[in-house]
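Handing you this structure, nothing more for now.
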Amino acid sequence: MVSIEDISWLVLLILPLCTSTHPASRTQSGVDECAEGIDGCHIDAICQNTPNSYKCICKTGFKGDGTTCEDIDECDNDYNGDCVHECTNIPGNYRCTCYDGFKLAHDGHNCLDVDECQSNNGGCQQTCINSMGSYECHCRKGFFLSDNQHTCIQRSEEGLSCMNKDHGCAQICREAPRVGVSCDCRPGFELAKNLRDCILTCNHGNGGCQHICNDTDTGPVCSCHPKYTMHPNGKSCIEKEDLESNSTAVADVDKRVKRRLVMETCAVNNGGCDRTCRDTSTGVRCSCPVGFTLQFDGKTCKDIDECQNSNGGCEHFCKNTVGSFDCSCKPGFKLLTDEKSCQDVDECSFERTCDHTCTNLPGSFTCTCDKGYSLYGLTHCGDINECSINNGSCGHLCVNTMGDYYCQCPPKYKLHWNGKDCVESCSLSCVRKKAEKRLRKTIRTMRKAISKEHIHVRLSGRDFELAKKIPRQTDSQDTCGIGHVRMDSRCGLCSVGEYSIDGFRPCEPCPLGTYQPETGRTSCFPCGGGLTTKHNGATAFQDCETKVQCSPGHFYNTTTHRCIRCVVGMYQPEFGQNFCISCPGDTSTDFDGSTNITQCKNRHCGGELGDFTGYIESPNYPGNYPANAECTWIINPPPKRRILIVVPEIFLSIEDECGDYLVMRKSSSSNSVTTFETCQTYERPIAFTSRSKKLWIQFRSNEANSAKGFQVPYVTYDEDYQELIEDIVRDGRLYASENHQEILKDKKLIKALFDVLAHPQNYFKYTAQESREMFPKSFIRLLRAKVSRFLRPYK
């Protein structure tokens with residue numbers, strides 16, 4: 001049993017849901033059972049008070065006597081719920097959806113073609129041709145369509161096989177060693193008996209049919225929903241009511257309607273009224289609820305598209321629904337409690353948004369990493385192995401460290417001031433001999449130039465100027481430091497493509513066969529392999545005249561003079577380089593020959609999860625998960641606690657026949673009780689309770705395709721609340737509204753809800769204002785009845 005103390009915590013948990021106005025209490029002479037919550041009405045019924053009693057009426061979309069109500073499956077009839085494509089039954093209602101390439105009409109039942117060519121030319125490189133339910137990309141003369149059906153490839157003048165414009169294939173041409181070409185068809189088409197032509201099927205754009213498509217030997221045959229008639233084009237459908245209204249005057253219709261209404265009564269078939277019927281002295285009078293308007297027949301209620309008037313008052317998007325409308329926001333924004341205004345989501349206020357620095361932007365955010373780290377997986381930072389990039393430009397040994405690196409020199413050498421080159425480290429006698437040698441060279445120079453006005457001499461790295469009379473420097477001039485030479489009123493380092501004995505000017509250009517990409521260096525890097533450069537002063541390896549040009553994902557091997565693919569765990573985004581770059585941190589690539597850091601992925605995942613709250617996420621999230629990943633998590637709650645899971649959205653590759661999947665069950669045995677399993681992408685959230693006391697969770701991916709994956713939060717709660725939690729998560733209305741869907745995607749809100757569910761005493765951390773701002777009104781209305789019903793036995 002639920003203790004009084006538990007109930008007090010529960011009251012605190014749902015306090016913001018129950019602080020709205022309730023009907024006035026009854027007088028002492030009678031009891032309002034509906035207001036007091038002591039009626040016996042079903043959860044899907046409406047309690048209506050009557051003198052000294054009450055009655056229960058099943059809500060619209062349900063049938064029964066009020067004490068028991070059963071959902072009506074509106075889709076289970078000959079008219080498919082009046083949906084022309086697909087009908088989905090939901091508790092108390094139903095929803096029409098359309099096939100790919102179609103959009104739902106304003107009436108919520110018909111499906112209209114989507115012109116994909118209006119958006120980014122349908123992704124076609126050249127010409128986009130729209131068709132019913134689909135579109136096609138075409139190429140100009142001299143080009144043919146590639147296998148991806150979007151880009152165009154130029155034909156060669158003397159091409160053979162598939163490069164020949166007369167290859168004979170209607171759609172896809174593939175090279176075949178023996179027969180020259182092999183023809184294939186795009187998805188949704190079948191290869192004809194002549195092995196050249198392609199026959200359209202209903203799997204491609206619904207076969208070009210607006211409503212119903214049936215495959216035949218000669219191709220698709222179109223038909224229409226019973227309430228529509230076929231257009232002369234054989235593909236489109238016209239509503240029959242439109243045809244009838246065009247042949248009969250509105251005045252004549254009104255006369256027939258009034259005559260018929262006098263003869264009818266609400267007692268028989270609701271008077272023929274679509275919604276509300278009322279008997280009057282002149283016959284039945286039909287009316288419609290808010291959000292509908294009465295049609296000319298005096299009985300039918302037609303939905304009002306509120307979005308047509310000032311966008312329904314929505315700041316961003318307005319979506320019309322049957323009898324109402326929903327406002328929604330652009331990605332990166334959230335709907336405020338007025339259910340119309342949108343506010344930027346500060347992603348940087350969430351925990352773990354970025355590993356290092358997060359910058360919030362309107363509708364988005366960016367992550368940046370500290371110096372020495374590189375961004376991967378959109379939000380993560382990994383140490384850069386600078387030594388993998390041309391040996392860190394070190395003259396000898398390069399040592400990588402976390403967030404940095406340093407160069408080392410071999411014995412008898414020391415590190416130059418630039419931190420990269422190595423210079424000889426001499427003993428005292430060594431220094432004496434070198435000084436003697438330089439002094440003799442200097443004396444010879446002085447003898448030769450003794451008659452000149454100025455003599456420049458360098459001793460031990462210092463420059464001296466000897467003159468008959470040293471000119472006085474102006475106050476505005478600064479003397480150059482040791483090793484610096486004034487050049488154009490400036491003292492500086494050697495530029496890229498140059499070197500000198502100490503890295504300062506004057507400098508020499510790198511000789512042929514060498515290059516230098518950095519400033520202030522004492523030597524140049526050799527191209528290697530006997531290669532030369534295109535000119536003196538080369539600044540990069542790309543200036544070396546290699547025998548082949550290597551593409552990204554490869555490096556040039558100066559020993560074999562061949563392009564070698566970057567190994568797994570390395571990448572190269574540029575042409576013509578002689579090295580590959582290590583992936584940052586503990587990341588690696590799925591395959592060799594990688595060309596971008598985005599292909600570097602973290603494979604860490606799995607483990608034992610916390611007792612109360614936590615989350616599971618695919619490796620490298622929110623970046624694409626790696627290939628051949630296998631992750632296993634275990635949630636084992638404390639005694640007398642159950643598990644609630646919310647899947648805000650999940651992105652799995654659907655192109656490889658369920659090669660990537662997520663499963664949640666009681667144990668690793670495939671025969672154990674399964675709570676959730678999917679291998680598809682769902683952008684619509686779902687919440688559910690575990691069917692077992694503990695959960696074994698596994699995610700696996702194959703080597704084919706990849707996707708963003710998932711981040712799924714969970715919470716364990718007191719099992720005394722099981723009935724209430726299940727009642728909430730199983731109600732289809734929780735997910736019917738886009739507004740409610742966004743609630744389940746709101747990380748801040750879910751964190752607060754889970755925090756209080758796991759530890760009800762934490763409710764005191766949140767102020768009343770915060771609670772009201774978190775829950776939109778429609779969400780509160782949805783939960784209020786459920787919470788009140790759950791608490792009735794304890795009142």
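Here, residue 1 is simply the first one shown, and the rest follow in order.
Cβ from N, Cα, C; glycine included.
Quick caveat, the model's predicted, so the values are computed rather than measured.
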Look at the disulfide annotations in TrEMBL and name the partner of Cys348 from this list: Cys342, Cys358, Cys367.
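Between Cys348 and one of Cys342, Cys358, Cys367, TrEMBL records a disulfide, namely with Cys358.
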At a C-beta cut-off of under 8 Å, are there same-chain residues at least 6 beyond the domain 'EGF-like' (344-382) that contact it? List them, or none.
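Distant Cβ neighbours of the domain 'EGF-like' (344-382) are 330-334, 402-405, 583-587, 597-598, 600-602, 620-623, 746-748, 751.
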Which residue counts does DSSP yield for the domain 'EGF-like' (113-149) in the helix, strand and coil classes, in that order?
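Per DSSP, the residues of the domain 'EGF-like' (113-149) fall into 7 helix, 14 strand, 16 coil.
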Counting across all protein chains present, how many other Cβ atoms fall within 10 Å of the Cβ of Cys348 (disulfide bond)?
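Its Cβ shell of radius 10 Å holds 15 other Cβ atoms.
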Around the Cβ of Cys358 (disulfide bond), how many other Cβ atoms lie within 10 Å? Please give the count over every shown protein chain.
18
